[in-house]
Each structure stands twice: as structure tokens, then as C-alpha cells.
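> Sending over a structure as C-alpha cells; questions will come in a sec.
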Amino acid sequence: MGLKRPWLLGAVVLLTLIQVQGGLAEWTQCRMGFSKEKYSFLVPKNLETDKALGRVIFNSCEGPVRIQFASKDPNFEIHKDGTVYIKNPAKMKDNRKTFRVLAWETKGHVYSTNITLKREGHRHRQDLFSGKHSHHPKSETGLKRQKRDWVIPPIIVSENEKGPFPKRIVQIKSSYAKEVKVYYSITGQGADTPPEGVFAIGREDGWLNVTRPLDREAIDNYVLFSHAVSSNGANVEDPMEIIIKVQDQNDNDPVFTQSVFEGSVPEGSKPGTAVMTVSATDADDSVDMYNGVITYSILNQEPKEPTNKMFTIHSESGLISVLTTGLDREKNPVYTLTIQAADGEFGKDRTTTATALIVVMDTNDNPPVFDPTQYTAKVPENEVGYEVARLTVTDEDIEGTDAWNAVYKIIKGNEANYFSIQTDTGNIGLLKTVKGLDYELKKQYILSVIVTNKANFSVPLQTSTATVTVSVEDVNEAPIFLPPVKEVSVSEDLPSGQVVATYTAQDPDKEQNQKITYVIGNDPAGWVSVNKDNGIVTGNGNLDRESKFVLNNTYKVIILAADSGSPSATGTGTLVLNLLDVNDNGPFLEPQQESFCQKDPGFRVFTIIDRDLSPNTYPYKAELTGESNENWTAIVTGQSILELRPKKELEIGQYDVMITLLDSFGLSNVTKLHITICQCDGDKMQCEEKAAIAGGLGISAIVGILGGILALLLLLLLLLLFVRRKKVVKEPLLPPEDETRDNVFSYDEEGGGEEDQDFDLSQLHRGLDARPDVIRNDVAPVLAAPQYRPRPANPDEIGNFIDENLNAADNDPTAPPYDSLLVFDYEGSGSEAASLSSLNSPNSDLDQDYSALNDWGPRFTKLADMYGGDED
């Protein structure tokens, strides 16, 4: 865009006719570098060492220049003249192989090109040199000439060119054009492959044209192949490679990789400390031109304290670092920088900006300070873990960090380690007692406490100190027994009232002059007493070393000492009695039950036990008394073993053997042994059944008895259930007809007792079956009688049975008075019971008024005639 005149100059050069004389291309433009960006060599399948493949040409444009070549593929090497040789033997597995070649010139610039090896069989005009010392072919004098490939440098076309289009770039012309009519065409990217139609060539004149503006950022190189054919389509020349390189124009702004960059730096950092790196990209060319070279700078800094240039940025790398001292988080915790990225040779062409946020990290540059620095406290004596004071500090560093967390230490006044100080979650120092203070020992403590941080100071700082004055308060302390545990030795036969020990306590509160009273705190056996005034402990006369309350010959008694303070305080002392043994327990035998066989019984061993201690134990003597001496022999063997054996064969049964044992001092004790003689021989004991009969029932017998009892109870229960089932008979809802009875009750008795049910059963009616015939005149019913449901077998259907039959009876058209005319004045034959007519009512029949019967209708006419008419 801004290189209009250079384009015109380049156009003049590029439009210079390139004559291809005998296949040798001529050009006037020179550009340092390889003559081609790609070389193609035709090679056999097997690559042998020291074989020359071809030569790459480097254009220095400035006369002889020392060039060094190198191959990126270790199987090939490049000599100084550009000849490519095979270094290691290999095989061409594929039809082509590509590797890269580099060239360095004296100024340090590096150039590169690609070499493609093609297997034989592909159409190519490149010669293959036969040996390492082969020479390149040269033109000979005379008419004969040697042809070689078309070689032209890349054609440079600037991007973003203005029209009119198409624009001519270069003209291609074959040397055979004088002999035959030559037609030109191009193929490749930008011609017949996407993007198609960017380049076009005159079919007859060979002018290569560009048809539209180019964009280097889209495609920076186009590789085309020009073709020259005759009118019959035959190739006049081999296809020639044309490389069109798009020259960059500065048409793209730099772009930062982030809109906002974030970094951090510790406060107090020295100049040169790296903070962060910003980066930007530019789509323009930064290799051959300065269009894509980016230069960084700082446009603005906020806040501008302590100076407006606290940071600097490297113009090429974008590294931001500290420029000067004075970073202080407490004053300026964040800096905002406006960063500019500019391209061009002097960094003044296209620009863009971004923001860099730099957080100043806190360091421990502020000490914690006590507020206040003086503390006073009162602490009761003997209190452990008592909170003495809560020390507070202020710190300007960030709360919750190691630079803010306080660490307290007592540096003076705590030589006896009575106090400790810890930091709580609120950064407060909690001063507590770790041991009980003693008012009588020391009444006041003055402590010096310093405070630091968990993190070390980043700069030299002075620590803060606080003073804590602790006053000890006097409290009523319990009396103290000295020693706390006192041991005395007493004989277990100590007489009652005998002094065991004097066990007293001292009152720490000497200034209060209090009286101490002693009592027994714990005496499980009740063996001692204590004088409440002087602490003298006496025995109660019943000490026993062999008691269950004695453990390892010792007996413990707790003594309490209470002072007269208000409230009273009580101290505790332990009196340990070591009981001395006396010979008060006679020896006895274990076990006290044993069995012998009737035949060849042998002997049994018993253990002699004596609860006393030596020398009140062995040696022992054994004596059999009464009948036991006639049947048994007892011998003491060893210290505590007794052997017992029968003197003769005894009858089967139980025997009680009385043995008297005497210890070394003659203290005796009689043991009764229960011996069973069993029907067996020697050691084959068979005493189970006998022992069970003699000593009680065995387990199997007990189980059998219990099983029999349980079976009997079960049988009894089944019998009761059977009887109950037989008795419970479900009564029908209606009684049978043959059980219907009439009863005559006398209601004029108002008395009680049993007379109301004392009546003559013989006076009852004999029953409906024995009644005399009733005089009746039957009239045949006009309608059919209803069908009554028979009595169901299931008792649950009785209710339905009654309801249905009752309904049928209520609607029976054959029921009286429709079906019969009954004569009611016939009372039947004589009855064993008295006639009711003998019972006269207060008024006779003559006094009764039956005229109302006439109002009952024709159905009751006969009845009205009988009672309301004449005597006739």
C-alpha cells in the first residue's frame, strides 16, 4: 500500500522478458538465497553411499561469499559447492522423499530449501551425477549445446495491490516459438486449484497476470507450473515451476493474547525483580520485514505513587519488571498499567493496547503492636488452666496470613513455668496458669510478653512488649497430710483400743490459724477409729489378715482432715496397714469329695490348705478319728500333700472320713471327707449311677423327670379341651316344638325368698300334643299357602331363616280369620289344674260391657253375639 514506487521499479524488472534460449532462463533480478524453494532429484530405488544426487544453487548477489550447508536428514550431506551426496545407504520405500537443507552466510542469516527425491520412472530432466568427484557439465564450443531445467527465482508480488486487473507479472517465452506455434498454460494453486483464477497466462504471448489483490496472511506463496505445447498438443518444453511470493504490507494491527494481564510482586521488591510477561501477535511478516515486529511500551501507570515509573517493560520480550524501590502494599495494593504493542521498524506504525494488573503481595513488613501494653489480673491460688488475661495486638498486614498471625512469648517473670500463652483464632493472646499458684509462697508475678508473627519479618523491625501484673488471691486451702500415704505394720490380733498410728495434717493457711478435725473417710471393714482432735488411729479389735478386704496383706483406710474455714476445706490421707500374720487358721483339705473303686482302690491325693503364713503352716500332721481310723489310712507327704487309701475292701456306698490336721504349732482343724465306694476295679471308675443315687439325681435323670412332667401336663390340657368341646353345644335359636311348656305364675306374692319358685310341677299343662281337639269349622282357603323355608343346618343362617318365614307368615292369605271359624267357648276337657273360671274377678260377667264388640265389624259379629247378646 505504501510502496507504490518500489512496485513500479519491481514491475520494470519483472516485466523484463525472460528469454528461454535452449532451455536456459535469463533474468535480471537478484535475491540472496537458494535459487529455488524446492528442488527435485530423480533417484533409483537403492541409494548407495557417496552417490551424488544433484546440486542446490545459492545466489549471494554480492560476489563470492562463504556459505555453509547442512542437511536436516542425517542420511545426506551437502558439500561446499552445493552438491548433495548420499551419506548412509538406504532404500526408497515410497515414490518420493523430502528433506530440508539449510545455508548460513557470513552475516549469520539462515536460508533454507526443500529437496524432494523422486524414484526413477517419474518424468524429470534432472541429471544424476555418478560419483563424488563428478563435475557439473559445461557448455562446449561448437554447435552442440546441452539443455537444462528452467530456473527462475521466486517472483515477488505485493499484497493489497490496486487495479486495474489483470496486471502483468512476467512473460514466459520458449526458444521454440520461432520454429513452431507455442501455446502457454499454467496449473497449480491459484490457477486451476483453489483459489482458482487468481493467476492467468496469455495463451499465445505467455504473459502471466494476477487477476485480483493478494492477501499474504491468507496465502504467502503460490506454486505454479507453466506448460508450453505445440498446436497439436505435444509438449515443447518440460513444465517449469513458478513460485510467486506475496510481499507483505503492514495491514494488520498487533493483537494482545489477553485483554487484561494479571501478575503479582512482593512489596519491597528490589529493582529488576521480574513481575510478569505480556505478549502480542501480528499477522504481518516479521522475518523478512518489520511489519510483524512488535515493540512493547508502558503508556500509563495508576496510581502514580511513589513515582509514576515504578515498572518498566522490555521492548522485545514484553517482560515487566520493577524499576525502582518503594512498593508498599499497605499504601498501594494494586497497580494498573496500560501496555502498548506497536509494529514496524521503529515501533510507530500500527498499535494496540492492553491492561496489566499488578497486585502487590503482602510481606511481613509491619510488626504486631500491643494495644494496650499494660495488663493487671487477679488469680485465685491453686487454680490450673485459669484465664489470667487476654492480650490484643494490631497488625497492618493482611488479616489471616502468616504475616498477620501473632506469636506470643513470655520472656520474663515465668522462670518457674507457672504460666503459658497461646494464640486463639482472633489473634488474641490467652494467658493461662499451667500450675496452681500458692499465695503463701508468692503473692505477685510480673510478666513481660513479646509478640512476633508466624512469618519472619521481611525487613528489620522492632518487636512490641507488654507487661502483665498478676496478683494471687488467698483462698481456704485444704489441710495436707504428710506424707499423703502412710504405711504402718500391725498384728492382725491387735487388741481393741490399741494405737495403730498417729496421722495428722497441716493447714497451708498459716495466717488463718484454723482448727483441724479428723474423721474416717473409708474403712470398708470397720477395723479402726480416729481421734477427731489429734488424728490418733486405734484398732477396734477385729483385724483379720485373711479377710476379703485385705489385698496382699495390706488394708487401706482413708482419713479426712477438715479445717474450720468458711467454707470448710477437706484434705485426704491414705493409711496403709501391713497386717502381720498370727496362727489363727487351722489347715484343711481340698477337695472334700472323692471316689474309690471297691477292688484295688489305690490312693487319692488331697491338698492341705492353710490360710496362715509360714512358719504357722507346715510341717503338718494327720490323724483319723473314730471309725475312720479302722477303714482308712492317711499319710502326709511333702509340705501340703495328703494321701488317703482304704485299709481293706469296703462295701459299696457312702463314707464320711474324719481327718484332723495339725500345723507346725499344733493348731488343729477337722475336715470331713465324703468318700464314695464304687463297683469297679482299679482306676476304671464306674461311679456315675451310684453317685447319682447317693449324692442326688444326675442331669439325665432330671431331664427325664422334667420331660415326664411336661408330657403329663400336656395330656391333661388336651383332656380339658376335649371335655370343654363336648359340653359346648350350640343351642338352636328356636326351641323344638315338643319342649314348649305353659307356666302359671302367681304374681300376687310380693314376698321374697325361694317361695316364688316353689310351685307344683304337676299343675303344668301336659303339652300341646296331649291337648283335646278344638272345635273348629274349617273353610277351604281360596289362595295358595306360602312356601316356608325349612330349618337350615348351618346355625349362621338362622337369622335369615326367621326373617324370611316371618315375612311369609305375615303375608299368608290362608291365615285366620280367613281360613277357619274357631269356636272359642269350648274350653276342653277337665284339667288337673284348677279352672280359671273359679277365679272370680271383682265384677261378674254380667257387669261387663261388651257393646264395643259391635263396632269391630262383621268379622267379630259372632263374638259380639256371644258376649253382648241375650243369654240365648
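Cβ coordinates are placed from backbone N, Cα and C, and glycine is handled just like the others.
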> Of the residues Asn114, Asn456, give the one that Swiss-Prot describes as N-linked glycosylation site.
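Record says Asn456.
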> State the residue range annotated as region 'Disordered' by Swiss-Prot; the candidates are 119-138, 739-758.
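Within the set 119-138, 739-758, Swiss-Prot attaches region 'Disordered' to 739-758.
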> Rank the glycosylation sites Asn456, Asn552, Asn669 by how many other Cβ atoms lie within 10 Å of each Cβ and give me the one with the fewest.
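Comparing Cβ neighbours within 10 Å for the glycosylation sites Asn456, Asn552, Asn669, Asn552 has the fewest.
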> By CA-CA distance, flag whichever of Asn209, Asp282, Asn552, Asn631, Asn669 among the recorded positions is nearest to Asn456 (N-linked glycosylation site).
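The answer is Asp282.
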> Please identify, among the recorded positions Asn209, Asp282, Asn631, the one with the smallest Cα-Cα distance to Asn669 (N-linked glycosylation site).
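Going through Asn209, Asp282, Asn631 one by one, the Cα closest to that of Asn669 (N-linked glycosylation site) is Asn631.
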> Determine, using Cα-Cα distances only, which of these recorded positions is closest to Asn631 (N-linked glycosylation site): Asn209, Asp282, Asn552.
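Answer for the nearest of the recorded positions: Asn552.
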> If we skip the immediate neighbours and take only residues 6+ beyond the ends of the transmembrane segment (702-722), which ones have a Cβ under 8 Å from one of its Cβ atoms?
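Sequence-distant neighbours of the transmembrane segment (702-722): none found.
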> Which residues does Asn209 (N-linked glycosylation site) neighbour through Cβ under 8 Å, counting only same-chain ones at least six apart?
Phe165, Pro166, Lys167, Arg168, Ile169, Phe199, Ala200, Ile201, Gly202
> Rounded to a whole number, how many Å is the Cα of Asn552 (N-linked glycosylation site) away from the Cα of Asp282 (Ca(2+) 3 binding site)?
98
> Could you list the residues of the same chain, at least six apart in sequence, whose Cβ is under 8 A from the Cβ of Asp282 (Ca(2+) 3 binding site)?
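Non-local contacts for Asp282 (Ca(2+) 3 binding site): Asn252, Asp253, Pro254, Val255, Asn291, Gly292, Val293, Ile294, Asp343, Arg350.
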